[in-house]
Amino acid sequence: MSYVDEVIELVVKKNPAESEFHQAVKEVLESLRVVVEANEEKFRKDALLERLVEPERQFKFRVPWVDDKGQVQVNTGYRVQFNSAIGPYKGGLRLHPSVNIGIIKFLGFEQIFKNSLTGLPIGGGKGGCDFDPKGKSDREVMAFCQSFMTELCKYIGADTDVPAGDIGTGAREIGYMFGQYKRIRGVYEGVLTGKGLSYGGSLARTEATGYGLLYLTEELLKINGKELAGKTVAVSGSGNVAIYATQKAHQLGAKVVTVSDSTGWVYDPDGIDVDVLKEIKEVKRARLTEYKNYRPNAEYHEGKGVWTAKVDIALPCATQNELDVEDAKTLVANGCFAVCEGANMPTTLEATKYLQENGVIFAPGKAANAGGVATSALEMSQNSERLSWSFEEVDSKLQGIMVNICHNMSDAAKRYGQEGNYVLGANIAGFEKIVDAMNAQGIV
Ligand code: GLU
């Protein structure tokens, strides 16, 4: 049996019931096959792949907090410190009822390669909790965040592990967590990114994932002799990534006609109104059912179905496995020619294969959504030098990083004779730097 297949089998056996983690490992290791085969003897002897798929450290902890009725609630918190070969662990905190160790490990594993692709010195980590901020009062969210950080603060620090936002963790949650970290540890340091501007945050961090997605998409289309301007786009999700992806798509001359949330999706033939979306999602923290009240021309549809809209480009920006093979078939039948992932692993393995086989330009999340974490690394730099850069400076660095990622993944695919296979290109480009650093640092 090949080394890659052996390690995939080992991961499944050692970590049963972690299906998302299996999926992420399979995707990465399958595309590393060519590189692994060329170095098989050394990699095997060093157990390089076994070390790569085993987190350096992982924490699981109790998070008790009191709700507004005086009832004690108990959630489960996680932090997985996956790989620190190229820098301190870096990655977000997901607050969502679906969170379990398998989800956090899939995200942490992806993060290793994504962070490497940014070209910045950040290792891979991820954390979160099965707490649902939806429908909670500010006081409840604060109580939860303080309890969560009371435990988490033992394992993190500006030079060791720097968490940030992810689904369910936005500016409000980061603020409460930062306050509690400072209170317990007594140090004012850049231990979290995505902070507010008045206490060490970076301009353009809020916009970075969505903007970065569009910078990469535009460049990738250019490489393929196509243009973004004038195209119709489907965006899924309506959180931070979706909002700023929509805004940047419009700035670059494309038209986004859909957004979605966990209950349904909106089709706006005139183009999604970003101000309305922000009002509903960021100010009111309400459902998309309200969108029609502001934009009478728009349609609201219950349930799944965002990928049935006829578009040129699809940008899944909601969550993992939201685009399956049936959706992929519909997109292709409707003439969609590019799918770029704003979320982490939103496309199933089968759907990815179908899209690639049908000539769709496909950019994996670890490249396409790396703008968020890249800008987090820029926030870390600013915190270290105790300075803050202008919006233009951060935004232009972000743009440079995304264009670089795009060319690095495209070139890596070409080097291995698989031009246009950006999944393979992104995985290999990310892996090369990590292997080099791991080899240099000995068996650790
Ligand atoms: N949660 C984001 C990601 O998946 C951002 C992480 C960060 O800024 O550290 O990459």
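The backbone N, Cα and C atoms fix where each Cβ goes, and this holds for glycine too.
What TrEMBL records for the substrate site is Lys90, Gln111, Lys114, Gly165, and among Ser376, Ser381, Ser384, Ser388 the residue it adds there is Ser376.
When the recorded positions Lys90, Lys126, Asp166, Asn240 are checked against ligand 1, Lys90, Asp166 have a Cβ within less than 6 Å of one of its atoms.
In the three-state DSSP scheme, Gly165 (substrate binding site) is classed as coil. The secondary structure of Thr209 (NAD(+) binding site), as reduced to three states from DSSP, is helical. Proximity to Asn240 (NAD(+) binding site), defined by a C-alpha to C-alpha distance within 10 angstroms, is shown by the following recorded positions from Lys90, Gln111, Lys114, Lys126, Asp166, Ser376: Asp166. In this view, the densest Cβ surroundings among the binding-site residues Gln111, Thr209, Asn240 belong to Thr209, judged by other Cβ atoms lying within 10 Å. Set side by side, the recorded positions Lys90, Lys114, Lys126 differ in how many other CB atoms lie within 10 angstroms of their CB, and the most is found at Lys126.
The recorded positions recorded for this entry are Lys126, Asp166, Thr209, and the Cα of Lys126 lies nearest to that of Gln111 (substrate binding site).
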